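This report concerns only the one structure given below.
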Amino acid sequence: MQSFALSTIFILISLSSLSIVVSSSKPLNPCNDDFLHIQAYKQMQNQTNTTQCKKLSSLQAQFAWNYHKTSHNQTQLNILIGTKLITTTGWLAWGINPDLPRMVGTRAIIAVKVPSQITPSVNTYNITKDIQLGCKLQPSGIDFMVQNMTVVDDKNVGFFSVFATLVLPQRYNVSSLNHVWQVGYCVDGLEPKMHEASLGNLDSKEILDLETGDCQNIGQHRRHMRKVHGILNIIGWGTLLPIGVIVARYFKQFPIKLDPCWYYFHYSCQVVGYILGTAGWGLGLFLGHESKYYTFHSHRVLGICIFGFTTLQILAFQFKPTQEDEYRKHWNVYHHFLGYALLVMIPVNIYKGIKLLKPDNITWKWTYNGILVLLGVVVLAFEILTWAVFLYKKCCKKTVEESSPRRVEIEEDSKGQTNEGSSPRKTEVEE
C-alpha cells in the first residue's frame, strides 16, 4: 500500500518535472490580437520593424518593446505594457531594477485611473524599502530619462496600457534586464495602494533579454512546485479521505453491510490519502520557507492543523480498543469528531490555496468544485438509500406484528364453582 502511494507521488513529481522542461523550452508567447491593434503598438511598429511582443507570465499582462543604441552608448528603449483593467479605479505599474528582479529598488512607471479624471495620470516612482513598510508612495525622479509617457484606456478591447520611452545608462544590461510589473485596484486620491497578495502578484518579475526575447522567469519553478503541492493535497486530503469516510458510514452495517471489506477499504483510503497529503503538505512548507517576502498565515495554520489531525487519525488505528473494551465508546467519539472536523477544514483550506492562484485559478476551482459535487451526489444517493431501507424495514416489521396471531389468556371463574386448588380455564382467542 505504501509502495503504491510512493509510486503515485513519484509519477506526479515526474510529470511536473517534465512540464517544467517543456515550458522552459517554449518559444516567445505572442500577444493576442486585441493588444496588437492598440494604436501605440502600431506606432511602435512604424518606428522600427524589430518590435517584439509577448504575454507575460502573470496578471494577464502583455508587453511590447524595441530598442536601439544612441550615440552616447546609451540604450533608448520603447515599451508598451497593458492588461485587462476593466474596473473604474486601479493602477498599472512597470519598472526595471538595476540590481535584482524584485519590487524593492525598482524604478517604476505607474499609471493610475480614477473615476473623477477623464485621463489617467502617469508618473515615475522609486520603490524603496520604506514603501514596503507602509510609507506613502509619491511620484519622484529616477536615475534615467523617461519621455513620451502615455496612458491608453481602450474600453472597446478592455486594455489599460502604458507607453514610454526610456534612455538607459550603461549600468542597465539589455541582455539581462530585471523588469517587474504590477496591477492594483486600490487608490487613495492619486496614490496607488497595496496590491493583492495573490501568487500572481508576487511572481510578476523576470529577467529579459531584449535582443532575443528569451526570459528567465523567476517564479516559474515555484509555480510548478505549487501545482504538485495542489494536486497531491486535492487527491490525498481532498478526495481519498472523504471517500474513506463515505465507506465507513454506508458500508459498515447499514444500509449495505460489507464486513470486513469496508474496513480494509476505509483503512487503505485513509493511509494512501495521508501519505499523499503529507507529501503535498511538506512541499507546501518548503515553498513557504522559500518565500522570503510573503507568507499566507491562515492557509499555513490550517494546513498544519490538518496534518496534525490526520496524523492523530492514523495513530488511532494503531491504538483502537476492542469492541468489549470499556474505552471503545470514548475512542469512537474522538475518532468521529476528528473525522468530521477534517471534512470541514480540508475544503476550506483547499479553496484558500486556490484563491491564492488568482487570476489563474479558474481550472483549479472548477476541478475541485466537480470533485465536491461528485462526492456530494454519492453521499446524497446513499443517504436516500439509508432512509429508504430504514423506512421499508420499519414498515415491514409493523405489518408482521399486526398480522401475527395474538394469544390472549382469559381466566374464567366457572360461575364461581371452581374447586379450591383447581387451575383456571384458559381460552385461546385468535384475532
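Cβ coordinates are placed from backbone N, Cα and C, and glycine is handled just like the others.
Since we're looking at a predicted model, the values are computed, not measured.
According to TrEMBL, the protein carries these features:
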- 401-415: compositional bias 'Basic and acidic residues' (COMPBIAS)
- 59-184: domain 'DOMON' (DOMAIN)
- 401-431: region 'Disordered' (REGION)
- 1-24: signal peptide (SIGNAL)
- 230-251: transmembrane segment (TRANSMEM)
- 263-287: transmembrane segment (TRANSMEM)
- 299-319: transmembrane segment (TRANSMEM)
- 331-351: transmembrane segment (TRANSMEM)
- 371-392: transmembrane segment (TRANSMEM)
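Outside the transmembrane segment (263-287) by six or more residues, the chain places 1-2, 4-6, 8-9, 222, 225-226, 228-233, 235-237, 239-241, 243-244, 247-248, 251-252, 300, 303, 306-307, 310-311, 313-314, 317 with a CB less than 8 A from a CB of the stretch. Same-chain residues lying 6 or more positions outside the transmembrane segment (230-251) and placing a CB less than 8 Å from one of its CB atoms are 9, 12, 257-258, 261-262, 265-270, 272-281, 283-284, 306, 310, 339, 342-343, 346-347, 350, 353-354, 364, 367-368, 371, 375, 378-379, 382, 385-386. Residue counts for the domain 'DOMON' (59-184) by DSSP state, with H, G and I taken as helix and E and B as strand, are 4 helix, 67 strand, 55 coil.
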